């Protein structure tokens, strides 16, 4: 899985990291998936990958209260 692929291959800044965690892979934001933003799988396919999934990893968002979060990771 490629952690940068869901962000177009770029390193993420703090706000981008939080957006990626909150918009695609959290339960409380799931109501916006498909309406406000693409699902993890659809975003990865848009980027030319075979798909993607939310994987529990160390959090990259400095504003979260936990050290782990689900992040969208694209398949190669």
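Glycine is treated like the rest: Cβ placed from N, Cα and C.
Lifted from Swiss-Prot, the feature list:
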type     : residues : note
DISULFID : 18-25    : disulfide bond
DISULFID : 40-44    : disulfide bond
DISULFID : 54-61    : disulfide bond
DISULFID : 72-74    : disulfide bond
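When the disulfide-bonded residues 25, 40, 54, 72 are compared by the number of other C-beta atoms lying within 10 angstroms of their own C-beta, 54 comes out lowest. Among the disulfide-bonded residues 18, 40, 72, the residue whose Cα lies closest in space to that of residue 61 (disulfide bond) is 18. Other Cβ atoms within 10 Å of the Cβ of residue 44 (disulfide bond), summed over all protein chains shown, number 25. The disulfide-bonded residues recorded for this entry are 44, 72, 74, and the Cα of 72 lies nearest to that of residue 25 (disulfide bond).
Taking each of the disulfide-bonded residues 18, 74 in turn and counting other Cβ atoms within 10 Å of its Cβ gives the largest count for 74. Taking the C-alpha positions, the distance from residue 44 (disulfide bond) to residue 54 (disulfide bond) comes to 11 Å. Of all the Cβ atoms in the protein chains shown, 18 others lie within 10 Å of the Cβ of residue 61 (disulfide bond).
Using a 10 angstroms CA-CA radius around residue 72 (disulfide bond), the disulfide-bonded residues that qualify from 18, 40, 54 are 40, 54. Cα of residue 40 (disulfide bond) to Cα of residue 54 (disulfide bond): a distance of 7 Å. The separation of residue 54 (disulfide bond) from residue 74 (disulfide bond), Cα to Cα, is 9 Å.
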